[in-house]
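Undergrad: Below you'll find the structure I mean.
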Amino acid sequence: MQKANWSSPVAEFIILGLSAYPRLEKMFFVLILLVYLVILLGNGLLIVVTLLDSRLHTPMYFFLGNLSFLDICYTTSSVPLVLDGFLTPRKTISFSACAVQMFLSFAMAGTECVLLGMMAFDRYVAICNPLRYPVVMSKAAYVPMAVSSWAIGGTASVVHTSLTIQLPFCGNNVINHLACEILAVLKLACTDISINVISMGVTNVIFLGVPVLFISISYVFIIATILRIPSAEGRKKAFSTCSAHFTVVVVFYGTLLFMYRKPKSKDLLGDNKEDLSDKLIPLFYGVVIPMLNPIIYSLRNKDVKAAVRNLTAQKCFTQ
């Protein structure tokens, strides 16, 4: 009987969310709903602009369109559930739906890590080797780069999601988190999760350490090249082409490195305690960063602002 209980499957999970903070739930519902609408509007507008304006049919804006689409997918995979949880006293989610959400959130996060590295390479070639830029960053190069980013993120997510859903949970199905996040689900396992912890550590190195190192090296060369430009106007123009990407990288990796600084396994005493900051930090990463991306790129990019004005003028003219 003990063996059967050990391997008994969990049909659904209960997500606690912010149930311990009822006053915060109403405030966060309104706040996150507004942010989510801004994410859909801002990133959707960027995608439309980069598709309709022929002047933006370049590698940099192709990557930017992918980033905007990725942010929409990432937030849509979790935010509706989070919002529903704020209104429902007892929020449950099926085991399969939880697995799908874990897969989507991890895949989107992994893809964005790689994609930001690809965008750094694009800026490196544009600044450091401008004459070779059309050859190096041709369509035959940047399309496979974007596809590989999605493929790498999706493959890693398949591995980690598969390892997680195969664990026994022994009836422990209360997730002390806002959504089905892999690290929170791992805490519920009633078996050794050392393989999951090791694989998560390896993934952190691949998706955090390697891209950060690659981006850092790229920007060392970029900054060195910009400083050698004789005119102040030339330096300003060159810096403006990569300042938006650099800002997004700092915010994205700063939050992600803090959140995933180490894989969180179960407490040694069996407790599953998690303070409010452990929930709000992933929430910041999950909704604030996707909202900031289009704002940063639109405010810091003259081409995007000009394309939005032209698109608006054309719409008004047709009406």
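Every residue gets a Cβ built from N, Cα and C, even glycine.
Those TrEMBL annotations? Automatic predictions, nothing curated.
According to TrEMBL, the transmembrane segment annotation covers 28-49, 61-83, 95-121, 141-163, 205-227, 239-260, 280-299. The domain 'G-protein coupled receptors family 1 profile' annotation in TrEMBL covers 42-297.
Would you situate these features in the structure and describe their surroundings?
TA: Long-range contacts of the transmembrane segment (28-49) within its own chain (CB-CB distance under 8 A, at least 6 residues past either end) are made by residues 18, 56, 64-65, 68-69, 71-72, 75, 79, 82-83, 86-87, 283, 287-288, 290-291, 293-295, 297-298, 304, 307-308, 311.
Under 8 Å from some Cβ of the transmembrane segment (61-83) lie the Cβ atoms of residues 15, 17, 29, 32-33, 36, 39-40, 42-44, 46-47, 50-51, 91, 93, 101, 104-105, 108-109, 111-112, 115-116, 118-119, 122, 142-143, 146, 149-150, 178-180, 283, 286-287, 289-290, 293-294, 297, 303-304, all in the same chain and six or more residues away from its ends.
A Cβ distance under 8 Å defines the sequence-distant neighbours of the transmembrane segment (280-299), meaning residues of its chain 6+ beyond its ends; these are 28, 32, 35-36, 38-39, 42-43, 45-46, 64, 67-68, 71-72, 74-75, 78-79, 82, 105, 177-178, 181, 244, 247-248, 251-252, 255-256, 258-259, 305, 308.
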Undergrad: Mean pLDDT for the domain 'G-protein coupled receptors family 1 profile' (42-297), as a whole number?
TA: 84
